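Report on the following structure.
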Amino acid sequence: MATEAFAPAKINLTLHVTGQRADGYHLLDSLVVFAGLGDRLRFEPAGRMSLKVTGRFAAGVPEDGRNLVWRAAELAGVTLKIRLEKALPHGAGIGGGSSDAAAVLRTFGGQERAAELGADVPVCLAEAPQRMRGIGNELEAVPDVPAVPLVLVNPGDHVPTPEVFRALAQKQNPDMGALPRWSSQAEFLAWLAAQRNDLEAPAIAAAPAIRDALNGLGGAEGCLLARMSGSGATCFGIFGSDEAARAAAAQIAAAHPDWWVQPTRSIGSAGA
Ligand code: C5P
């Protein structure tokens, strides 16, 4: 019997780098949410492991033990025929590979060992807004985060995560402090606007097109906030309505036919 799973895009609405450990890994304080847009996986029990990658971003994605999906299945102790439809760009700051791996662990078990696959895999198990601290391993569900209309823009540049962290000049920056209980979307957005992604500057230095993506989003009608996710290069814009997000996405895509531009929505906290 085949099983299916969805691996949503992960978005760092904030990403504060608050320190660095002796082993080189960075300490973070990040508000992470997930989007309605993501990769799709299909699993069938099989006598030997196999992986077929399809979809817009299949090119260059390994179909063997180098793929986190394969390694997640091994960690869960299952032998599967896996089909992975890549709708998300990978190595792009929105958790592509990590979210795929988390989808395997959610389906077959082994969640407690998620961190072995990568710093972002534990948070991707959650699918709901999380405050992520430590090197990604300290997680806390955040209430009151509203679902918001988004536009995701990837200008095509690939920026390797280790390089961006290495290029960050100031490694010790203020954390997010105590999170308020937001009582409206406007309050949440006002708070969010005062936060940062500390990796934006080093990522822009490595890939100047990220600045173009941020300007494209920020200049679109109805954009309330534009910021980079993770270590880039994908940026997100928050819009006042789904219609405004769709209109902005169409306008940005028309001006930049080579960019990946997608309107979507974030998943808010339960009951928010
Ligand atoms: O764990 P993962 O393979 O996703 O991390 C990729 C790289 O990003 C690490 O090798 C490290 O250079 C950098 N990183 C970091 N601090 C983190 C997460 C990742 O320095 N908290």
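Keep in mind that glycine also has a Cβ here, set from the backbone N, Cα and C atoms.
Taken verbatim from TrEMBL:
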{"type": "ACT_SITE", "residues": "K10", "note": "active site"}
{"type": "DOMAIN", "residues": "67-107", "note": "domain 'GHMP kinase N-terminal'"}
{"type": "BINDING", "residues": "P89, H90, G91, A92, G93, I94, G95, G96, G97, S98, S99", "note": "ATP binding site"}
{"type": "ACT_SITE", "residues": "D120", "note": "active site"}
{"type": "DOMAIN", "residues": "185-255", "note": "domain 'GHMP kinase C-terminal'"}
Review point. Which recorded positions among P89, G91, G93, G97, S99, D120 have CB under 6 Å of ligand 1?
Key: D120
Practice item. Look up G91 (ATP binding site) in the DSSP assignment and report helix, strand or coil. Key: coil
Check your understanding: Within 8 Å of the Cβ centre of P89, H90, G91, A92, G93, I94, G95, G96, G97, S98, S99, which other residues of the chain have their Cβ, at the recorded ATP site?
Key -> A9, K10, L88, G230, T234
Exercise for review: Using a 10 angstroms cut-off on Cβ to Cβ distances, just flag whichever of G91, G95, G97 is the loneliest among these binding-site residues.
Suggested key: G91
Check your understanding: CA-CA, which of the binding-site residues G91, G95, G97, S99 lies nearest K10 (active site)?
Key -> G95
Exercise for review: Give the number of CB atoms, excluding that of S99 (ATP binding site) itself, located within 10 Å of its CB.
Suggested key: 27
Check your understanding: In DSSP terms, helix, strand or coil for D120 (active site)?
Key -> coil
